[in-house]
Structures are given as C-alpha cells and as structure tokens.
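Feature annotations, courtesy of TrEMBL:
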type: DOMAIN; residues: 88-163; note: domain 'TECR-like N-terminal'
type: TRANSMEM; residues: 168-190; note: transmembrane segment
type: DOMAIN; residues: 238-391; note: domain '3-oxo-5-alpha-steroid 4-dehydrogenase C-terminal'
type: TRANSMEM; residues: 279-298; note: transmembrane segment
type: TRANSMEM; residues: 339-364; note: transmembrane segment
Amino acid sequence: MICLWDSQNSWDFSKPREPCGPEPAEAWAALGLSRPPPEAGPALHRARREVPPCLPPRVSLPPVLSRRCVHSKASVLGDPAPRGRPQEVEILDAKTREKLCFLDKVEPHATIAEIKNLFTKTHPQWYPARQSLRLDPKGKSLKDEDVLQKLPVGTTATLYFRDLGAQISWVTVFLTEYAGPLFIYLLFYFRVPFIYGHKYDFTSSRHTVVHLACICHSFHYIKRLLETLFVHRFSHGTMPLRNIFKNCTYYWGFAAWMAYYINHPLYTPPTYGAQQVKLALAIFVICQLGNFSIHMALRDLRPAGSKTRKIPYPTKNPFTWLFLLVSCPNYTYEVGSWIGFAIMTQCLPVALFSLVGFTQMTIWAKGKHRSYLKEFRDYPPLRMPIIPFLL
Ligand SMILES: NC(=O)c1ccc[n+]([C@@H]2O[C@H](COP(=O)([O-])OP(=O)(O)OC[C@H]3O[C@@H](n4cnc5c(N)ncnc54)[C@H](OP(=O)(O)O)[C@@H]3O)[C@@H](O)[C@H]2O)c1
C-alpha cells in the first residue's frame, strides 16, 4: 500500500485523488482482520469521515505499514505525534500561506525557540526575536519554551510565521524612555537658554513647590531606571523597534510640556499653599513606596532566569495588601503618584498626563486580569483589574 503523504504537500480534500490503496474492507483483510478492532471506537468513525478512502482507519498497523501511514493519519486527525520520533515541521507565511521552510527530522522534544533557530538558518533576515510562530495564522504566538511534541500537531507540524519587525531590547527601550523625561525636565528646571527668554537663563524659581516638584519628578524616573536595571525580570527580551518612537514621543513630549509650565517664571503655586503641597507629597511618597513594593513582590514570584508566571498574593509588606483587591496594584500606585504630583503642582498638563496614563494602564490591567482568570482557575474572585470594586 502506498501512503498518500507527500512531505511537501498537506492534504487537499478538494482535489480528486487517484486511487492509491485498497478500500477499507480490503485493508482490514490485508492486515488479517475481518473488521475494525473494538478499540478503534469513535475515532474510527471520525477517521472514516475525515480520511480519504485509500487510508486505512485508525488502528495499530504492522510496523512496516504503520510508519508512514500513522504519520498521515495523525496529521489528518490532529492527534499528537508518536512520542520519541523525529518530526517534520513546515513553516508557512501566515498571510500568504506560502511555504517558507520545511524542516525534516526535528526532534520531538525540540522547543519553539530551537525551531526558530533552525528557521533563521534558512532565513537569516528573520532572527529569532523577529519571529512569531503560531498554530493558526490568526492565533496567538507560541511561547519559546513550548515543546513540539506537546503541541496538538501531527508528525508533520504546520506552523504559521509572522514577521514582528525589527526588534530592540526591553532594557534599551526602558532606559531610553525613562532617561529622556529625567533629562528634559532638568533642562526646564535649570532654565537653559532659548526656553523662557534671555533674562531667565539659568535663574531659579522662588517657589518651594517648584523645587519639590523637580525632586519628585527626578526621583520617579531614577527609581524606574534602577528598577529596570535591577528589579524587573522581564519575560520578553525584545519589543518592536517602531514602538520606541511612539513611547518616547509620549514620555518625552509630556515631560517637556509639564516641565515648561511648572518651571515657567510666571508659574503660581497651588491654591491652598503649603497644606495642599504637603497632602500631595504624602500621596506621592506613599504611592511610590507602594509601586516599589509591588515591583519587588512581582520579582520574587519569578526565579532569576525563568519566565514563570504565578498568582501574586499579599506579603508581610502592607503595601502589597492591595493585591487582595486588584490584579495590578503597581498601576494603581503609579496613577496615585501622578495624581499626587498633579495636586502638588496644580498644573493642567500634569492632570492630562495622569489621565492618559490611567487610561493606558487600565487597558493593560484589564488584559492582565483576563489572562490571570484564563490561566489560573483558583484566581481570587474579589480582585478587579486596577481600581478596587470598580474597574
Ligand atoms: N506612567 C505611565 O504611563 C506608565 C505606563 C506603564 C507602566 N508604567 C510603570 O512601569 C512599571 C512597569 O510596567 P509594566 O507594564 O512592565 O508592569 P507589569 O507588567 O506589572 O510588570 C512588572 C514586572 O513584573 C513581571 N510580572 C508581572 N506579573 C507577573 C506575574 N504574575 N508573575 C511573575 N512576574 C510578573 C513582569 O514580567 P513580564 O515581562 O512577564 O511582563 C515585569 O518584569 C509599572 O508598574 C508602572 O510603574 C508607567
């Protein structure tokens, strides 16, 4: 019996096929069976419906026959590939379905990261960080650590490729995004020439709140830079290069806009004076401590060098108790810090920055909250994404 599988082509049921083997009854006879064995059960009926007639239904075949035919059936039925045997992997373009690569004899325990490395050998322009491999052209990207034999594929796995575009490391991204606002704000604070007019060059504001605001703003971004370098354990090494232009425009642009007004020679301190500033400073400091505590708690969930994701729970540190009520308390504290800064400076661009940041972080928090619910069945039901009991 000749097997139908051509390693370069998958099944196409729309095309008429040349008869290439005995009909099922003859196939059983050839195997010394008068009828399908009982264990074939429902899978057999499915196989009868789905497999072209020249393929024998799903049974254990003698080794000589089984090798290639089980291979074909497994692909057709979507059953996992037999364990321990080398597999074939074909990589198609997710948009055009054009075959880009055929990998022969891939070890079944190969990871997606290893398959990406093999693919890069034939297509060096797509280095692994640029590649997204999926089981479905429109589905989610497979994780680098996913193992071929654990995926729902046959002995010939079809993976769909998407180019993620040029990549840049996360650390570079964050350093660029956060160093910018720090530096830009200080240009306005020191009133370098060509900002406020000649007579104000390198002068200093007479309002205490302006100096306090500069300390708070600088502290915030220095903290973020240090956290990026020494606290966060990111699971993704890179992000698309184009994002950095968008993100820098947002962070740098808002920093310049806020700094321009706060350090302006005509700036007026907040309406309720020292009381308002003290209250705002307290909010800012508490939220910064809270944000840092959550980042430390998240770091402790993930052993160094791993990509583990766990449910975060409150620890002995009271700032982490917000985990009882929300999924992303670091965002809650971040928004709180900016609200504190807005109250302190009583400056419209700061209020707008807080609002835009809140909107963005709410979108992310909702996404993360949904992922937690999907990933962990025992996820605490009381939690909301970002605002306790509300949002
Ligand atoms: N002002 C603004 O507009 C703005 C906007 C966004 C962020 N931020 C600030 O930047 C900080 C970092 O932002 P982010 O979006 O990267 O925060 P994030 O997604 O909460 O992640 C912080 C770190 O914790 C890790 N992590 C998160 N959940 C985890 C879990 N369940 N198990 C193990 N590790 C986990 C993350 O790893 P992964 O790499 O796996 O995610 C990442 O390394 C925020 O907290 C906020 O202070 C500010």
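From the backbone N, Cα and C atoms, a Cβ is placed for every residue, glycine too.
Predicted, not measured: the structure shown is a model, and the values here were computed from it.
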What average pLDDT does the predicted model assign to the domain '3-oxo-5-alpha-steroid 4-dehydrogenase C-terminal' (238-391)? 96
For the transmembrane segment (168-190), distant same-chain residues with Cβ under 8 A (at least six beyond the ends): 202, 210, 214, 217-218, 221-222, 224-225, 228-229, 234, 236-241, 243-244, 247-248, 251-252, 254-256, 258-260, 262-263
Checked against DSSP, the composition of the domain 'TECR-like N-terminal' (88-163) is 17 helix, 28 strand, 31 coil
